[in-house]
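Report on the structure given below.
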Amino acid sequence: HENTGLQSQPPLEEQNYGATAARVRQGPSVSVPRNSPAKRDYLVAAVLCYANLINFMDWFIVPGILLDIQKYFELSDGDTGLLQTVFILCYMLAAPIFGYLGDRYNRKIILGAGIFFWSGVTLGSSFMNELYYWIFFLSRGLVGIGTASFSTIAPTIIADLFEEGKRTTMLSIFYIFIPVGSGLGYVLAAGMAEATGDWHWAFRVTPCMGGLALVLLILLVPDRTQRRTAAHRALSISGTIREAAEKPGLHRTAKTTWCQDVISLAKNWSFVWSSLGLTAMAFVTGALGMWVPLFLYRAQVVQGIVSPCLQESCNSSNSLIFGGITIGTGILGVIAGAEAARRLRKLNNKADPLICAASMFVSALCLYIALMAAQTNILSTFIFIAFGELFLSVNWAVVTDILLYVVTPRRQSTAIALQILVSHLLGDAGSPYLIGIISNAIQARNAHSFRWSFWSMQYSFILCAFIGVFGGGFFLLTSFYIEEDRKEAEK
């Protein structure tokens with residue numbers, strides 16, 4: 001049963017920014033010249049990319065100054081890992097709600113409210129002292145809720161603005177800002193902590209950037225957009241969808257309930273297996289993003305390269321270097337993945353999942369070598385971590401593109417929300433905490449020393465390499481179903 005408030009909306013779904021897309025049955029052909037994307041479309045995409053940059057900078061401010069925060073609040077490895085777990089748990093639980101709203105209501109309002117909320121909470125968290133560490137944990141959870149509104153809805157707006165060829169390119173650009181934002185989060189956090197001598201200042205920059213994003217969103221993003229389906233692509237972007245819908249033989253199908261959407265997606269094996277592959281990616285990236293700078297610091301202490309940090313403001317060079325690696329490998333990886341997919345699709349219809357599978361296997365091997373080299377050679381560790389991140393980044397845009405062509409447009413926000421829920425629930429929601437708990441358990445069984453502090457983290461991290469192999473297997477399974485599911489979505 002539809003909400004009565006929705007029934008008062010204009011009858012054609014495309015009139016509502018974010019309403020369920022109309023499905024169009026076969027009818028009289030409509031011959032209308034196809035216009036290229038307007039400049040405004042590119043401006044909208046640019047605003048969304050900028051907001052995505054801030055989104056992921058907020059994600060990785062905490063890992064960038066993790067050693068300072070751990071010392072300030074006197075947290076164990078397990079409690080420290082819980083910081084990111086609280087953030088991801090709230091993020092993933094909020095995602096299905098925003099997916100439901102994004103498929104039915106005004107997406108611009110939802111995005112604006114989300115940006116305002118997470119920027120405000122981030123700014124507020126910069127004033128916490130050591131007596132109120134639980135409020136700091138809570139603030140990270142609230143930031144996760146705010147960012148869920150953006151991550152769930154923004155890709156579907158880009159998908160609506162561009163046709164398939166340009167859509168892949170624009171999504172690639174959008175997803176480049178995941179590693180770029182993540183890396184800048186490390187750089188911003190470490191740089192501000194070092195410049196001011198107080199890690200709290202790291203949380204006072206992105207709220208200002210968020211305010212600018214909100215203004216740009218209000219000024220440049222339209223209140224209305226069109227959901228693109230195969231039939232829509234035969235029409236002009238300049239308003240002929242309304243005219244065509246009024247012609248005999250072109251009718252809308254009824255909206256489906258959220259439960260019907262979920263059941264349909266559960267039967268879509270390409271969506272299921274690719275989501276599990278993304279879950280493995282999330283597990284690995286979540287653990288690496290949280291713990292690598294601290295792991296490298298402990299390795300350097302064991303090798304005698306640096307002395308143990310006893311003062312409140314610790315050396316943050318590892319965060320700066322790891323942030324730079326994340327930015328560089330992220331840009332190269334996303335571009336390489338998109339280009340490889342574009343070229344190989346012409347040769348093999350299963351190219352996308354096969355690319356994802358191969359990159360996961362190679363990434364797992366590189367990360368394992370990096371972990372083994374950390375005790376004797378920091379340079380080799382940095383190099384293999386860089387290669388591991390590079391091959392992980394190959395998959396970001398490709399996985400989303402898989403979802404967008406195996407899921408019918410009217411279910412895409414719900415599909416992205418469910419994928420976020422599953423990948424974070426089983427992936428990076430638990431991996432930082434799990435690595436910390438395993439590290440605590442190993443340290444508890446052995447004498448307290450800097451060497452065992454390093455070994456405990458090293459042994460914990462090996463789990464990530466095995467999870468990466470499982471991820472590659474899930475993408476291989478995706479390749480068995482992708483052709484059939486794509487044809488079904490195009491009907």
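Glycine too: its Cβ is placed from the backbone N, Cα and C atoms.
Taken from TrEMBL, the feature transmembrane segment covers 42-62 (among others).
Marked as domain 'Major facilitator superfamily (MFS) profile' by TrEMBL: 44-483.
Marked as transmembrane segment by TrEMBL: 82-102 (among others).
Under the heading transmembrane segment, TrEMBL lists 109-128 (among others).
Marked as transmembrane segment by TrEMBL: 134-158 (among others). Residues 18, 44-45, 48, 51-52, 55, 58-59, 62, 73, 82-84, 86-92, 94-95, 97-99, 102, 107, 110-111, 113-115, 117-119, 121-122, 124-125, 128, 167, 170-171, 174, 221, 225, 400, 404, 412-413, 416-417, 420 of the same chain lie 6+ residues outside the transmembrane segment (134-158) yet bring a C-beta within less than 8 angstroms of a C-beta in it.
TrEMBL lists 170-189 (among others) with the feature transmembrane segment. Tertiary proximity for the transmembrane segment (170-189) is limited to same-chain residues at least six positions away from its ends with a CB under 8 Å from its CB atoms, namely 45, 48-50, 52-65, 154-155, 158-159, 161-162, 199, 202, 205-206, 289, 293, 316, 319-320, 322-331, 333-335, 337-338, 389, 393, 396-397, 400-401, 404.
Annotation comment: TrEMBL describes 201-221 (among others) as transmembrane segment.
Long-range neighbours of the transmembrane segment (271-292) within the same chain, counting only residues 6 or more positions beyond its ends whose Cβ lies under 8 Å from a Cβ of the stretch, are 59-60, 63, 66, 81, 84, 88, 182, 265, 318, 322, 326, 353, 356-357, 360, 363-364, 367, 385, 388-389, 392, 395, 399, 402-403, 406-407, 415, 418-419, 422-424, 426-432, 434-436, 457, 461, 463-464, 467-468, 470-472, 474-475, 477-478, 481, 485. According to TrEMBL, the feature transmembrane segment maps to 271-292 (among others).
TrEMBL lists 320-341 (among others) with the feature transmembrane segment.
What TrEMBL lists as transmembrane segment is 353-373 (among others).
Positions annotated as transmembrane segment by TrEMBL: 379-404 (among others). Packing against the transmembrane segment (379-404) from elsewhere in the chain are residues 155, 159, 167-168, 171-172, 174-175, 178-179, 270-271, 274, 277-278, 281, 284-285, 288, 292, 296, 299, 321-322, 325-326, 328-330, 332-334, 336-338, 340-341, 352-353, 355-356, 359-360, 362-364, 366-367, 369-371, 373, 412, 415-416, 419, 478, 482: each is 6 or more residues past its ends and has a CB under 8 Å from a CB in it.
Residues of the same chain lying 6 or more positions beyond the ends of the transmembrane segment (416-439) and with a Cβ under 8 Å from any Cβ of it are 76-85, 88-89, 91-93, 95-100, 102, 148, 151-152, 155-156, 262, 265, 271, 275-276, 278-287, 289-291, 400, 403, 456-457, 459-461, 463-464, 467. Sequence annotations record features per position, and here TrEMBL assigns transmembrane segment to 416-439 (among others).
Residues annotated as transmembrane segment in TrEMBL: 459-482 (among others). Same-chain neighbours of the transmembrane segment (459-482): 269-270, 273-274, 276-281, 283-284, 287-288, 291, 295, 349-350, 352-354, 356-361, 363-365, 367-368, 371, 402, 406, 431, 434-436, 438-439, 442, counting only residues six or more beyond its ends whose CB sits under 8 Å from a CB of the stretch.
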Task: Other parts of the chain folded back onto the transmembrane segment (201-221), taken as Cβ under 8 Å at six or more residues beyond its ends - done: 40, 43-44, 47-48, 50-51, 54, 57-58, 61, 64-65, 108, 111-112, 115-116, 118-120, 122-123, 125-126, 157, 188-190, 192-193, 195
Task: For the domain 'Major facilitator superfamily (MFS) profile' (44-483), the mean pLDDT of the predicted model - done: 84
TODO: For the transmembrane segment (42-62), find every same-chain residue at least 6 residues outside the stretch whose CB is under 8 Å from a CB in it, and list them.
DONE: 69, 83-84, 87, 111, 115, 118-119, 122, 140, 143, 147, 150-151, 154, 157-158, 161-162, 170, 173-174, 176-186, 188-189, 202-203, 206, 209-210, 212-213, 216-217, 220-222, 289, 323
Open item on the list: Within the same chain, where does the transmembrane segment (109-128) have neighbours whose Cβ lies under 8 angstroms from its own Cβ atoms, ignoring anything closer than 6 residues to its ends? I mean 6 or more beyond.
Closed with: 18, 51, 54-55, 58, 61, 98, 101-102, 135-136, 139-140, 142-143, 145-150, 153-154, 200-204, 206-207, 210-211, 213-214, 217-218, 221
